[in-house]
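Down below is the structure, laid out as C-alpha cells.
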Amino acid sequence: MSNSAMSVVILAAGKGTRMYSDLPKVLHPLAGKPMVQHVIDAAMKLGAKNVHLVYGHGGDLLKNTLTDGALNWVLQAEQLGTGHAMQQAAPHFADDEDVLMLYGDVPLISVDTLQRLMAAKPQGGIGLLTVKLADPSGYGRIVRENDQVVGIVEHKDANEAQRQINEINTGILVANGRDLKRWLGMLNNDNAQGEFYITDIIALAHADGKKIEAVHPSRLSEVEGVNNRLQLSRLERIYQAEQSEKLLLAGVMLLDPARFDLRGELVHGRDISIDANVIIEGTVKLGDRVKIGAGCVLKNCVIGDDCEISPYSVLEDAVLAAECTVGPFARLRPGAELAVGAHVGNFVEMKKARLGKGSKAGHLSYLGDAEIGDDVNIGAGTITCNYDGANKHKTIIGDGVFVGSDTQLVAPVSVGKGSTIAAGTTVTRDIGEDELVLSRVKQVHIQGWQRPVKKK
C-alpha cells in the first residue's frame, strides 16, 4: 500500500476519569511530551496524507497544546463509542485512500508494527492488530472460523465459549475509505453498553466477503492503553528501559540504566559516560568522551568533546565548546556559552552570557547578560547587576581580567583587558585597560572595642 494514499484517525475524545485530573487524559506526559504526541509522531513518520484527531473533553486545551498545523480537528460532542467517533471523522475520508485507526492513549505503538499492519492489509479487506493474552478478561475476543477472522465480540456481550478465546482486539485497524464509510453507516448500538462499536465492522466486512488479516505487534507494550496513572507510570518505565537499551548498544555507558530518563533526543559521540539519575530533555548533542555526573539535567544543549559536567548541574539551551568543566551544582540558563577550556564551578549561574577560552568562574557567582573574554578569572561572589528594575543591561569584560571576590558590576559597564578589580569592589563606571580598580570603605581599627552586653 502506498503511504501517499493513507490517512490516520487518532481517537482522543475520552475524559480520563480514572486519572483524577483536570488535564485531558491524552495530554498527560510520557517521556516528556503528551502521550498523544507519540501517536501523532508515529502517524507523521508513516507519511500520512491527513491526520484526523477526534476530540471531545478539553478541546481548547488540546488545541493550545498540540499546535501542529497538519492536524485536522474532528469534534465528538457526545462520547457514544469508538464507532461513533469514527463516524464523526468519516466525511473526511477519501474513497481511494486507506484509513488507519489509532488511539491517543496507546502511546508506544511503533512505526515498524504499523508498517507491517498496512502491508498485510488484503486488497479491499481489513488489516487488524491483535494480541494473545493469558488472561483476556475485559477485552473484545477475535472470533475465527477455519482460522479466518470473522468477527469481534466484546467481553460483556460474549458467551461462555467465546470468553475462552485468548486472542483479543487491540482496536487498531486499517481499511479502505470507501468501504469504511459504508460499514460505519451500518453500525447500531444494540449491545450491552448501548454504544456504537467500531469492532462490528469486522463482521460486516466478513459478510461482504472481505478478508480480514490479523497482525501481531512486536511487543505487547505497544498496544497497552492508559486509563490511570499506574498504567502510565508502567509505560514510562518500559519506554525508558527501551531507550536505555538502545543507547547502551550504541556505545553510551549508562552507569545505572534503570535510573536514566530520556525525555527527548540524545545525539552522541563515542565513549560517553552518564551517571545515575540524569535527565535528558529536548535535543541534547554530546561530543566524544563527555562525562555527565549524577543528578544532572540537560535540556536542548550542545556539549563539545572532552567536557565534564559534575553532579547536580542543570543546563538549558547552553552551548559548550571542547574541554569545558561545569559544576557541581552549577546552573547554565538559556544563552549560556562556554568557549574551549572554560570552567564554571559550584553554585555559579549563567544566563545570556559567554565565558571565553580558558576563563573561570569557580564559585558562588551570577553572570547574566555578559560577554567575558579569554583567560578571565571571576572571583567567588561576583555578581553582574544586569537589571535596573525595568530593563536588562550588558557587562563586557576583556581578555585577561582578574575580578576579585565579592565584586558587583553594575551594568551597563565594560572592563578593559588586563585590568584587575580588587575584592569587595562595586563597579559603576567603565574601566580601561590594565587598570587596578577598588572601591572599598577604608578599614578602621578601634582598639578595646566592647560589644554591647544583653541585660539579664
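Cβ atoms here come from the backbone N, Cα and C positions, even for glycine.
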Acetyl-CoA site partner of ASN386, TYR387, SER405, ALA423, ARG440 (as recorded in Swiss-Prot), chosen from ALA361, ALA380: ALA380
Beyond the flanks of the region 'Linker' (230-250) by at least 6 residues, Cβ under 8 Å: 19, 28, 30-31, 35, 107-108, 221, 224, 257-258, 260-262, 266, 268
DSSP-assigned states of the region 'Linker' (230-250) in counts, ordered helix, strand, coil: 20 helix, 0 strand, 1 coil
Those binding-site residues listed as GLY14, GLY81, GLY104, and which of them has the most Cβ atoms within 10 Å of its own Cβ: GLY104
Those binding-site residues, out of ASP105, ALA423, ARG440, that come within 10 angstroms of LEU11 (UDP-N-acetyl-alpha-D-glucosamine binding site) at the Cα: ASP105
TYR387 (acetyl-CoA binding site) to GLY81 (UDP-N-acetyl-alpha-D-glucosamine binding site) - Cα separation in whole Å: 56
Recorded acetyl-CoA site residues ALA380, ASN386, TYR387, SER405, ALA423, ARG440, farthest C-alpha pair in Å: 23
Distance [Cα-Cα, Å, rounded] between ARG333 (UDP-N-acetyl-alpha-D-glucosamine binding site) and ARG440 (acetyl-CoA binding site): 32
